[in-house]
Amino acid sequence: MANQNLIPVIVSGAAGKMGREVVKAVAQAPDMSLMGAIDTSPEHQGKDAGELAGLSEPLEVPITNQLEPMLGYVAGERHMQPGVMVDFTHPDAVYDNVRSAIAYGIRPVVGTTGLSPEQIEDLASFADKASTGCLLIPNFSIGMVLLQQAAVTASQYFDHVEIIELHHNQKADAPSGTAIQTAQMLAEMGKTFNPAIVKETEKLPGARGSVADEGIRIHSIRLPGLIAHQEVIFGAPGQIYTLRHDTSDRSAYMPGVLLAIRKVLQLKSLVYGLEKIL
Ligand SMILES: NC(=O)C1=CN([C@@H]2O[C@H](COP(=O)(O)OP(=O)(O)OC[C@H]3O[C@@H](n4cnc5c(N)ncnc54)[C@H](OP(=O)(O)O)[C@@H]3O)[C@@H](O)[C@H]2O)C=CC1
Ligand SMILES: O=C(O)C1=N[C@H](C(=O)O)C[C@H](O)C1
C-alpha cells in the first residue's frame with residue numbers, strides 16, 4: 001500500500017500497559033503507520049517502542065517525551081492521511097494532550113479515563129470549533145458495549161440497581177470511566193433508581209459506595225490479580241439479575257482501538273462511547 005493511504009498514528013503512553021498493546025496492534029495493522037511513541041516515564045526514554053511492546057523486530061520508533069514536536073511533525077506529513085493520536089496515559093495528563101493534538105489538527109482517540117464532565121465539555125467545544133474529530137471511549141471492548149445494552153434493557157423493568165467495578169490496584173481513578181458511563185446510560189432512561197425503603201446510616205463512610213446519577217450506586221474494588229471487571233446487579237422482590245463482564249487480557253480492547261482510529265478520520269466533532277461508532 002502506498003504511503004498516502006496509511007494513517008499516521010502517535011501513541012501517547014506508549015510504554016504503559018495499554019500503550020504497549022496499541023503499539024503492537026498499530027504496527028500489525030496494514031493501513032496504519034506508527035509515527036511516534038510518547039511516554040514520560042524516564043526509564044523508557046530512547047527505547048524502541050516495538051521491542052518494548054514485545055515485537056521480535058524493532059520498529060525504529062524510539063520512545064520520547066516530546067509530544068508537541070511529534071504532533072507538529074505528523075501534521076506536516078501532508079502526503080499521508082490526517083494523523084491520529086491514541087492516548088492511554090493518566091487522568092492528570094489526558095486533557096492537555098488532547099487539547100494539543102486538536103490544536104495541531106491531529107485527531108485524538110482517547111482511552112484514558114478520569115476526565116471531569118467540565119473537561120469533556122470543554123474538549124467537545126474545542127473539537128467542534130476546530131472541526132476536528134475526537135473520540136472519547138471509556139471502554140474499547142465489544143463485551144462491555146453488549147453488557148451496557150443489556151443493562152439499559154433491564155433497567156426498563158427493574159427499579160433497583162447497583163454497579164460493582166473491579167480493577168487492578170495500579171488504577172489511578174475511581175470509579176472507573178466505564179462504571180460512570182454505564183450509570184449515565186441507565187440514568188438517561190428517565191427514572192430514579194433505588195427508592196429508599198429504610199433510613200440508612202453508614203457506620204463507616206463510603207460503605208454504600210458512591211451515588212452517581214439518578215440514585216445509582218457504584219462500588220470500586222482494587223486488588224492485584226484483577227485486570228478489569230464490572231457487574232451490574234438488578235434486584236426486585238424474589239429475583240436478582242446480574243450482568244458481568246471480565247477482561248482477562250488487554251488485547252480485548254484492540255479491535256475497538258483500531259476501529260476508532262479509522263472512524264475518527266470521518267468525524268468533525270467529539271463523540272463519546274464505542275457504541276456510537278459500531
Ligand atoms: N478505554 C479503555 O478501554 C481502557 C482505558 N484504560 C485507561 O487508560 C489509561 C492508561 O492505563 P494503563 O495503560 O493501564 O496505565 P499505565 O500506567 O500502565 O500506562 C500509562 C503510561 O503513560 C505514561 N504517562 C503518564 N503521563 C504521561 C504524559 N503526560 N504523556 C505521555 N505519557 C504519560 C506513564 O508513565 P509513568 O508510569 O512514568 O507515569 C505510563 O507509562 C488509564 O486511564 C486507564 O483507566 C485502560 C484500559 C482500557
Ligand atoms: O484502568 C483500567 O484498567 C481500565 N480503565 C477503563 C475504565 O476506567 O473504565 C476501562 C477498563 O475498565 C480498564
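A Cβ is built for glycine as well, from the same backbone N, Cα and C atoms used for every other residue.
All TrEMBL annotations are machine predictions without curation.
Secondary structure at His167 (active site, proton donor/acceptor), taken from DSSP and collapsed to helix, strand or coil, is strand. Per TrEMBL, active site, proton donor/acceptor is recorded for His167.
Taken from TrEMBL, the feature active site, proton donor applies to Lys171. Counting every protein chain shown, the Cβ of Lys171 (active site, proton donor) has 16 other Cβ atoms within 10 Å.
Taken from TrEMBL, the feature NAD(+) binding site applies to Gly13, Ala14, Ala15, Gly16, Lys17, Met18, Gly111, Thr112, Thr113. Secondary structure from DSSP puts Gly13 (NAD(+) binding site) in coil.
Secondary structure at Gly177 ((S)-2,3,4,5-tetrahydrodipicolinate binding site), as computed by DSSP, is helix. According to TrEMBL, the (S)-2,3,4,5-tetrahydrodipicolinate binding site annotation covers His168, Gly177, Thr178.
Taken from TrEMBL, the feature domain 'Dihydrodipicolinate reductase N-terminal' applies to 7-140.
Per TrEMBL, the feature domain 'Dihydrodipicolinate reductase C-terminal' maps to 143-278.
Only Lys17, of the binding-site residues Lys17, His168, Thr178, place a Cβ under 6 Å from an atom of ligand 1. Put simply, Lys171 is the one of the recorded positions His167, His168, Lys171, Gly177 whose Cα lies nearest to the Cα of Gly13 (NAD(+) binding site). By the rule that a residue counts when its Cβ sits under 6 Å from some atom of ligand 2, the binding-site residues Gly13, Ala15, Thr113 yield Thr113. DSSP states for the domain 'Dihydrodipicolinate reductase C-terminal' (143-278), grouped as helix (H, G, I), strand (E, B) and coil, give 45 helix, 37 strand, 54 coil.
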